[in-house]
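> The structure follows.
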Amino acid sequence: MGIASHSAFRERESSPTGASLDASPRPWDKGLSGREPPRHVQVRPRSAVLNMLRRLDRIRFRGHKREDLLDLAESPNASDTECGDEIPLKTPRPSPRDSEELRDPAGPGTLIMAAGVQDFNRTEFDRLNEIKGHLEIALLEKHFLQEELRKLREETNSEMLRQELDRERQRRIELEQKMQEVLKARSEEQPAQPQQPPKGQSQASNGTGTERRSQGLASRVQKWFYERFGEYIEDFRFQPEENTVETEEPLSARRLTENMRRLKRGAKPVTNFVKNLSALSDWYSIYTSAIAFTVYMNAVWHGWAIPMFLFLAILRLSLNYLIARGWRIQWSIVPEVSEAVEPAKEDLTVSEKFQLVLDVAQKAQNLFGKMADILEKIKNLFMWVQPETTQKLYVALWAAFLASCFFPYRLVGLAVGLYAGIKFFLIDFIFKRCPRLRAKYDTPYIIWRSLPTDPQLKERAGATVSRRLQTASSRSYVSSAPAGLSKDEDAGRFHSTKKGNFHEIFNLTENERPLAVCENGWRCCLINRDRKMPTDYIRNGVLYVTENYLCFESSKSGSSKRNKVIKLMDITDIQKYKVLSVLPGSGMGIAVSTPSTQKPLVFGAMVHRDEAFETIFSQYVKITSAAASGGDS
């Protein structure tokens, strides 16, 4: 009984529709039990579980088609049950007799019901595990899709695309409005034309035909004109300029060095051209300069100067074309010196980076300083900062203007060309070999050297103010001095140092006194690189300038042996000096070279270095020019 019932239950469970299989009464079953065969029990599945399975199935296959999924052979085993669950199960209601047997615990169907419930619970547990797995898969897919969406938004930069889309929409709206305005204007122009009433049927037909032909001809002409010249007319349409903000690169030592090298390579053709011109003027190669001078003067005399320069430009471009094609053409008056290119290091230490930045900054500072000096001199020349210099240019321009008005251009061009050739090839050569002659008679050189820069103007203004203050203080001191003192005693007291009178300390004559600019001197330190002892190598003190001497008073020793007196006539070279090259800036020192010293004497740590240099240099030029004029006379 139990075995037959269990096999019948399994057959019912394996049926495709899920309905119960009611077997006909068998005689052997009746003989075994002594009564009619029992009816099978069908457990009704829960509707909540089926609804949950349907929802999970929709979640799992959301966004995908059935054809995109794996085949049944590669899909999990639970797919068959899921597909079977989509068909609603219709089970017949059990009869009252079956319900009585279910309620009877001692009945023969108890074991069958227990086995069926156990199998059903097992299948429900498997389905719950499967549901749990589907939920985990869905959550993981959701997480991965969110990550991909976030990365996709970051890569495509949706904000910028949205802004660009808004701009395009706005532009489209504006174009539509313009098109509507144009169409409206055309529609208003057409009915505005006067229409004459027809006098007759033939006249009306002829008039309409003529109007149609004229309108067709006008439209064709307009279409042809728009096709030919519409593109050019559109080019002249004014459009608002878009302000684009350029992103600035951060400061980088490697980038700064590379930019300086690029600037040097870019300026190399210009510097080579200037060097070749200077070599022609200096007659570096006698044959080349002689040929160039002869060709130039003949071209100017016959009026071929402009064609000659144009031919030289064409020749230069032709040579550049051949060089670009691979030809090795090297021609230069001055031999080129190949500079060793240091290989770029990948890893630099902190000290190397710092030194690299300092070197590049120093080169950039010097380059910018030279460019600023040139531009400031040109600006001061045209702004009448130095009237006597600008007046010469003013007179020269008036003379050139009057000459161009009264003389023919051929004669003016001939005069200018001949003067330029003689000046470039002959006069400049003589002036470069004779500096004193150039300082007296080379007018362009004198004008350019005398033009001041803005820092020099500020220094002169500051020196004038300080001189006025010192003059006022000296007048007040003299007026407050005792009446018994003579003028010489007052002057000697005023020009005395901390250790005594000025001329006694430096063993000079009484008329040697500091200039008005440096009456109190400049605090500095004397660096004598000829000495080896540290006490003699660096001395602290005060520097004075007289009419004929440069005097240094040491502040440590009372002996006058440690003081330094240099005659201005003995100075061979004087220039600004930078004691520590590591520090930024142009330095705070002055280097003075004399025949008695192997290495220049350096006066360092001077706060007013530029003022002291200008004073010493101007007094030196004054003394040397006076001596030269005295020797010539």
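Just so it is clear, glycine is given a Cβ too, placed from its N, Cα and C backbone atoms.
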> Going by Swiss-Prot alone, which of SER24, SER75 is annotated as phosphoserine?
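Of SER24, SER75, Swiss-Prot lists SER75 as: phosphoserine.
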> In the same chain, which residue numbers or ranges, 6 or more beyond the ends of the transmembrane segment (389-409), come under 8 angstroms Cβ to Cβ?
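Cβ under 8 Å, 6 or more out: 381-383, 443, 447, 450-451.
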> What residues in the same chain, six or more past the boundaries of the transmembrane segment (411-431), come closer than 8 Å to it by Cβ-Cβ distance?
280-283, 289, 292-293, 296-297, 300-301, 303, 305, 403-404, 437-438, 441-442, 445
> Mean pLDDT, the coiled coil (134-190)?
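Within the coiled coil (134-190), the model's average pLDDT equals 84.
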